[in-house]
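> Sharing a structure, written as structure tokens. Questions coming.
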Amino acid sequence: MATYDYDLFVIGAGSGGVRAARLAAMSGAKVAVAEEHRVGGTCVIRGCVPKKFMVYASEFASYAKVAEGYGWSPSQSTFDWSKFLEAKDREIARLSGIYVTNLSNAGAEIVHARATLKDVHTVEIVGKGVVTADKILVATGGRPWSPADLPGIEHAITSEEAFHLPQLPKSIMIAGGGYIAVEFAGIFAGLGVDTTLVYRGANILRGFDDDVRSHLAEEMKKKGIKIILGCEHASIEKTDAGLVNHMSSGLDVVTEQVMFATGRKPHTKGLGLEAAGVKLADSGAVMVDRFSKTNVDNIWAVGDVTDRINLTPVAIREGAAFSQTEFYNNPTSFDHDMVASAVFSQPPVGSVGQSEADARHEHGKVDIYLSRFRPMKTTFYGGDDRCLIKLVVARDSQKIVGCHVVGPDSPEIIQMAAIAVKMGVTKAQWDSTCAVHPTLAEELVTMRDKYVPAGLSAA
Ligand code: NDP
């Protein structure tokens, strides 16, 4: 029997790779994990975590108005971007350090270098030599993508640079209508940057429920974000006045900064996957089965590099399932159905299950329960922020197949709602839950009347 330097070699120390490496090492296997940047991956270093700190930072501006409405004296406060960056970087370093400690405590070796495949069992640790491994796990994540052929694209930043801007711009144009575009639009606007979002489609957040999309767009506009729809960049020109965004509609918009949030691509280039015979999809994603195994018998892949559902907790579960299967003799596959997600826009969105359109497509007839209202905290000070709560129910089975919330704390609310939806709860069971009062979320269990948009019949 062949012997190898390692039982498992993991390429990429992000959420999926670290979870898989730790679990495998804790089983007694000899494990190494290679990372060319900092341990923690996209989520911890340049994604979810620093983004959430930026969301928190940007929310304070609106608190002053709310506080005044509640009787506090007007106060003058200013925001210091460099002070925030310092604090953010300190916290990210602390969290990255925890990942390192957890890996080491589990007995996994961390290789601080780029690793590429030479063949199915051989890994080149760039600049340091080669090692062999029985099993290999690819967990290299994704990278921002922007259209390289757009004239002037070199003047635009992506989310990666947005975390480290030397100073806040006075104005920004954000291209894209997905998670990252709407989240950063809220962040920049909250921090006082004159913010415009341009999206090529009919409304932001394609794939989400249409009521969620339109509700969020309206709420974002109330916060001063300009949203241009059905339009995209023709070019970007650098001038003394700033960056001129030449749009497909003929409109020219001058901004100090331009950010492209036009999607992310699996990070597979130059990894040597071809040398190992690993099959890739046209998108560059590593193709895997439900156990995250590639077409090569001893190579697996988890997380964004497989482009299934590109969310941190999903990568973690895929990594854990891999280690359970391969190192604990417990075949486990992660169920990608009914995964909840949150968009940390302002207001945020929490969503689990199907949009109304997808549910109509799959189940035929559906019942819709929908409520739009001003939360009590807002009505008190005379604000005009509105929440949206929507349930999508398959009419025949009466199961709740979609739950969508736009409003304060919706990411926290949806985490709990997702448990019941994932378990296949019916509307009657859902309604048997007594409300918690006074909360925003109580509306979820008190909607009794089916929603019929004006001018339509209930069918
Ligand atoms: P998304 O795929 O969510 O959105 C990409 C956006 O860019 C879409 O609006 C898309 O338009 C648009 N686009 C694509 N190509 C072009 C082009 N050539 N010109 C103009 N617009 C274009 O990607 P993101 O980068 O926002 O996020 C990547 C992924 O990361 C998400 O899908 C999500 O899985 C994950 N993520 C999750 C977060 C969370 O959980 N809160 C936060 C951030 C990221 P169209 O719709 O027309 O295709």
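Please read every residue number as a count from 1 along the shown chain.
The backbone N, Cα and C atoms fix where each Cβ goes, and this holds for glycine too.
According to TrEMBL, the protein carries these features:
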DOMAIN    6-319  domain 'FAD/NAD(P)-binding'
DISULFID  C43-C48  disulfide bond
BINDING   K52, D304  FAD binding site
BINDING   G176, G177, G178, Y179, I180, A181, V182, E183, G263  NAD(+) binding site
ACT_SITE  H437  active site, proton acceptor
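Thinking about packing and proximity, how do these listed features fit into the structure?
Annotation note: C43 (disulfide bond) sits in a helical segment as assigned by DSSP. Listed in sequence order, G14, S15, V49, T312 are the same-chain residues at least 6 apart in sequence whose CB falls under 8 Å from the CB of C43 (disulfide bond).
Classification of K52 (FAD binding site) by DSSP places it within a helix.
Under 8 Å, Cβ to Cβ, and six or more positions away along its own chain, I180 (NAD(+) binding site) finds S159, A261.
Residue density at H437 (active site, proton acceptor): 7 other Cβ atoms are found within 10 A of its Cβ, drawing on all protein chains shown.
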> Neighbours of the NAD(+) site G176, G177, G178, Y179, I180, A181, V182, E183, G263: Cβ within 8 Å of the Cβ centroid, same chain, sequence order.
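For the NAD(+) site the neighbour list reads F184, I204, L205, A261.
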> Out of G176, G178, V182, G263, the binding-site residues in the record, which is closest to D304 (FAD binding site) when you go by Cα distance?
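Its closest listed neighbour, by Cα, is G263.
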> Looking at the recorded positions C48, V182, which one has the fewest other Cβ atoms within 10 Å of its own Cβ?
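If we count Cβ atoms within 10 Å for the recorded positions C48, V182, the smallest count is at C48.
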> Under 8 Å between C-beta atoms and at least six apart in sequence, can you list the same-chain neighbours of G176 (NAD(+) binding site), or say none if there are none?
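Listed in sequence order, they are L197, Y199, F260, A261, T262, G263.
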> Pop the Cα-Cα gap between G178 (NAD(+) binding site) and C48 (disulfide bond) into the table, whole Å please.
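C48 (disulfide bond) to G178 (NAD(+) binding site), Cα-Cα distance: 14 Å.
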> Taking only the recorded positions C43, K52, V182, D304, H437, which have a CB closer than 6 angstroms to any atom that belongs to ligand 1?
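Checked recorded positions vs ligand 1; nothing flagged, none.
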> Please report how many Å separate the Cα atom of G178 (NAD(+) binding site) from that of H437 (active site, proton acceptor), as a whole number.
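Rounded to the nearest whole number, the Cα-Cα distance is 34 Å.
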